[in-house]
Each structure stands twice: as structure tokens, then as C-alpha cells.
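Everything on this sheet refers to the single structure shown next.
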Amino acid sequence: APRLGLAANQTNQTGPQCLEVSIPDGLFLSLGLVSLVENVLVVAAIAKNRNLHSPMYYFVCCLAVSDLLVSVSNVLETAVLLLLEAGALAAQAAVVQQLDNVMNVLICGSMVSSLCFLGAIAVDRYVSIFYALRYHSIVTLPRAGRAIAAIWAGSVLSSTLFIAYYHHTAVLLGLVSFFVAMLALMAVLYVHMLARACQHGRHIARLHKTQHPTRQGCGLKGAATLTILLGVFLLCWAPFFLHLSLVVLCPQHPTCGCVFKNVNLFLALVICNSIVDPLIYAFRSQELRKTLQEVLQCSW
């Protein structure tokens, strides 16, 4: 069966001009393993260093766990499919279907939680900039814990409903709307943070009577960071949710059928996002990199 059942209802109406990008199973497994190693290291580093036991790093840690689950679930599903195709794993159809449902819930739940924690990190950074003096009274460990628990519970519930009722248009539209809302939230918050950073830079420039190069440097550096944050998010997630949108809008159209054939490419991009997330949100921290070195030295 197609992964996540998302290509269900598609027909063979795709024309001869249809472009299908094949993702070798070996590449799929390799991407998953790279993501697994990266995110395990992030979790280990945060668990080891008590200085990193703060709400901000707990959100980063949960993002790493979500990305880890995205990779592990996809790798496990790929491995099971390969074993079934090779005849090395004999199972009844009902058992295979139940296993497929469990894996799909895990995949979908980890995707939803990953998106939620990306949004939570954006909100945390926003509060730390615009409410700096009150940050520690607003973002407390108990509140962060409740937010994390709510995200995990909501992810499990929504993914279970999605897999159970993915044929229903309302469910697919709800998932696509969730992605659009998360994209809008991140865009608004990060653009506002960039504007504040540039405003602060101009204020410092006036105090030191610095001319335009500092202002331009602030704008260029901030724009580059914003482009990376939102660009990676869009590149890795948008194709998957475009797929979901087309399942609703044109399930029988030949052109849309061409898109459906590339579902494995879209899932590979999601795994690539799990590889890039630690580079953007975790490894840029000097404290975390130092702890990571200690973890690697201990492992050797």
C-alpha cells in the first residue's frame, strides 16, 4: 500500500509526460539513519548538560525527538516493505494492515508534533525578545511542560483521527490548514523579530554615529537567517501538504496523478528537514556544541 495511504483513490490516468522521481530504498534508509544519529546526539547533549535544562532547550529537545520519530518510523516502514517484497517476512494480510496503520499513526503523529515544536520554538524566541524582562516569569518550566504534554497528546490524537478518516475531505483540509497556520505563525513572528533586531541595530548605530554599512549588514544578515528558516521549512514541508491539497482538489485529474506518484520524494524531503533542523536550532548553540563534544569523547 502507498505510504500513509495518501495516494489512495488515484488512478492510472496520468499521461505519458508524467515525471516521477524515484527514491531508492537505500537512499531513503540512509537519510533516516543520518537524521537518527543527529537527533539522538541533540537529545543526549541536552540531557547531559544541566545548563541546558531550560524551556527553550526542552522545546529543541522535543523537536529532535519528533524528527527522530519521523526518521525511525519511515525507516522501519521501508524495512518492513523490503522484507515483505523479498519474502523474508511472512505475515497475514490483516496483520500487515494493522502494522501499516500503527506505522502511519507514528509517522503522522511525529510530523504534527515536529511542526508544533517548530512553532513553539518561534513563540519562545519571540517572547524572549519582546518580553525579555518578564521572559522567565512567562515561560516557566511548569508552563513549558504543560505545553509539551499538550502537543504530544494532540499529535497522537490528530494522527489517529487522520489515519482512521483520511478519506474524508474535512480531515485532509484540517491538516493542510494546520500547516498553513503554522507557516503564517512562524513568518509573522520571525519577520517581527527581524524588524526589532534591525531597529535595535539602528539605535546602536546612532549612539556610535555609525553610518549605513552597519544598518545594511543587519538587514542582510537578518534577511539571510529568515530566508534559511522559512525557506527550509517551505522546501521540505510544502510539497507534502501540496500533495494532500491535491488529493482533495483533483483526485482523478491526470496532472494531479503525476504529483501523487512522487509521494516518496515528498516524504524524503520531510526526512531531510529532520536532518537540517538540528543544524538550525541546536548545533548553533556554543554550549550545546561543547556538550556534544564531551558526549562524543565519552562514546569513544
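Using the three backbone atoms N, Cα and C, a Cβ is placed for every residue, glycine included.
Below 8 angstroms of C-beta separation, residues 52-53, 57-58, 60-61, 64-65, 67-68, 70-72, 74-75, 78-79, 264, 268, 271-272, 274-275, 277-278, 282-283, 288, 291-292, 295-296 of the same chain, each at least six residues beyond the ends of the transmembrane segment (27-46), sit close to that stretch. The transmembrane segment annotation in TrEMBL covers 27-46 (among others).
Mean model confidence for the domain 'G-protein coupled receptors family 1 profile' (38-281) is a pLDDT of 83. As annotated by TrEMBL, domain 'G-protein coupled receptors family 1 profile' applies to 38-281.
The transmembrane segment annotation in TrEMBL covers 58-82 (among others). Outside the transmembrane segment (58-82) by six or more residues, the chain places 3, 25, 28-29, 31-33, 35-36, 39-40, 42-43, 46-47, 89, 99-100, 103, 106-107, 109-111, 113-114, 117-118, 120-121, 124, 141, 144-145, 148, 151-152, 155, 267, 270-271, 273-274, 277-278, 281-282 with a CB less than 8 A from a CB of the stretch.
For the transmembrane segment (102-123), the residues of the chain that approach it from at least six positions outside its boundaries are 3-5, 56, 59-60, 62-63, 66-67, 69-70, 73-74, 76-77, 80, 147-148, 151-152, 154-156, 158-160, 162-163, 175, 178-179, 182, 185-186, 189-190, 233, 237, 270, 273-274, 277, 281, judged by C-beta separation under 8 angstroms. Taken from TrEMBL, the feature transmembrane segment applies to 102-123 (among others).
Positions annotated as transmembrane segment by TrEMBL: 144-166 (among others). Sequence-distant contacts of the transmembrane segment (144-166), counting only residues of its own chain at least 6 positions beyond either end whose CB sits under 8 Å from a CB of the stretch, comprise 4-6, 8, 55, 58-59, 62, 66, 101, 104-113, 116-117, 120, 172, 175.
Taken from TrEMBL, the feature transmembrane segment covers 172-197 (among others).
Sequence annotations record features per position, and here TrEMBL assigns transmembrane segment to 218-242 (among others).
If you look up TrEMBL, you'll see 262-283 (among others) marked as transmembrane segment. Using a Cβ-Cβ cut-off under 8 Å and counting only residues 6 or more beyond its ends in the same chain, the transmembrane segment (262-283) has close neighbours at 2-4, 6-7, 19-23, 27-28, 31-32, 34-35, 38-39, 41-42, 45, 60, 63-64, 67-68, 70-71, 74, 111, 114, 118, 121, 228-229, 232-233, 235-237, 239-240, 243, 289, 292.
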